[in-house]
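Colleague: Before I ask anything, let me first share the structure, which is written out below as structure tokens.
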Amino acid sequence: MKLKRFFLRYYPPGIILEFEKGGYLRTKSIDLLDLTPETNPDELVAEIRQSEPLITESRADQVKQLIFRLQQKQGQQDHHRFCFFKELKAHILPLTNVAFDKSGSRFITGSYDRTCRVWDTASGTELHTLEGHRNVVYAIAFNNPYGDKIATGSFDKTCKLWCAETGKCFHTFRGHIAEIVCLAFNPQSTLVATGSMDTTAKLWDVETGEEVATLTGHTAEVLSLCFNTVGSQLVTGSFDHTVAIWDVASGRRVHTLIGHRGEISNVQFNWDCSLIVTGSMDKTCKICFSPQGNRVLTASSDKTARLWDVQSGVCLQVLEGHTDEIFSCVFNYEGDTIITGSKDNTCRIWY
């Protein structure tokens, strides 16, 4: 095995190793969930070296510097107030979803016009149009932290895997018998999970394009899903009013969360997987955690997005300006930029 490079993961804290084995590039993560600003970096490096043979003595100083950067990020205070930056007339038909890459330098939009478009965040320039679906492109995602692949899920019952740099289509995943309405990459970028109106979720192999598993148990449409930080569990939200937690390796359902009186429209783990936030048609809405886990962003049919404090439940800010229902909202990886996508055919960038 030969170590090629490091990726830094701020939320949750960790270091991802890219290494070569048997002629193939592979990745593994060193999770530092107990890291605090008070942690002794030298002791932590020594501990990592004992358990990870890829971290040799020559790499120790580099790992120590990465730990310093993680600790500096943990020490930053979050009092950011968002201001409107730019509006993009992104598609000729309403938007369905928006998503950032890890750096926040690019984002993607899906639309009823059957395309996914890749954009430069700073300039608002369109970089690629991903065409090939035969119906609405409803679910989209980058394979963060790598950002070299994009997955799109469509009402045509397929999911497509694309090269983010060239726009080439690698695979078309076929197997669902109804519309695909949500998807996610696992953190290792080896699996894509899709959720469908056929009441199932499926797991797909990124490298081969083959179906790995079908997760059955919901009695209505699966509208949202999310992997936990290490990729060992998947949470799904359904129109059957329940949230299910699945073991990825076995495909078994390990928990069912019951409490909403309406259909579940959104589910997400926070960064350390200690909380799951759920949105429902019982008058809550489209939701996402900030990367730090201390803020929740909600988007609604009332044409606004709202920023909330997780601990107190207080609304910190209302983002206004869209002229129709907001379908999607997302933070960038740093948590200092927001994009909202609306039925008014526009997306708005907030810094």
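Keep in mind that glycine also has a Cβ here, set from the backbone N, Cα and C atoms.
Relevant sequence annotations retrieved from TrEMBL are reproduced here:
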{"type": "REPEAT", "residues": "88-129", "note": "repeat 'WD'"}
{"type": "REPEAT", "residues": "130-172", "note": "repeat 'WD'"}
{"type": "REPEAT", "residues": "173-214", "note": "repeat 'WD'"}
{"type": "REPEAT", "residues": "215-256", "note": "repeat 'WD'"}
{"type": "REPEAT", "residues": "277-318", "note": "repeat 'WD'"}
{"type": "REPEAT", "residues": "319-351", "note": "repeat 'WD'"}
Colleague: How many of the residues that make up the repeat 'WD' (215-256) does DSSP mark as helix, as strand and as coil?
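Modeller: Counting residues by DSSP class gives 0 helix, 23 strand, 19 coil.
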Colleague: Which bits of the chain, at least 6 residues beyond where the repeat 'WD' (277-318) starts or stops, bring a Cβ under 8 A of a Cβ in it?
Modeller: 10-11, 78, 81-82, 224, 237, 241, 243, 257, 260-271, 324-331, 333-335, 338, 340, 342
Colleague: Checking distant contacts: for the repeat 'WD' (319-351), what same-chain residues at least six beyond its ends satisfy Cβ-Cβ under 8 A?
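Modeller: Distal contacts: 10-11, 78, 80, 82-100, 102-104, 107, 109, 121, 124, 144-145, 286-292, 295, 297-301, 303-307.
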Colleague: With DSSP helix as H/G/I and strand as E/B, how many residues of the repeat 'WD' (277-318) fall in helix, strand and coil?
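Modeller: Helix, strand, coil within the repeat 'WD' (277-318): 0 helix, 22 strand, 20 coil.
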Colleague: Within the repeat 'WD' (173-214), what mean pLDDT does the predicted structure show?
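Modeller: That region's mean pLDDT is 97.
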Colleague: Could you give me the DSSP helix, strand and coil counts for the repeat 'WD' (173-214)?
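Modeller: Counting residues per DSSP class in the repeat 'WD' (173-214), I get 0 helix, 23 strand, 19 coil.
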Colleague: Kindly report the helix/strand/coil residue split of the repeat 'WD' (88-129) according to DSSP, in that order.
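Modeller: In the repeat 'WD' (88-129), the DSSP-based counts are 0 helix, 23 strand, 19 coil.
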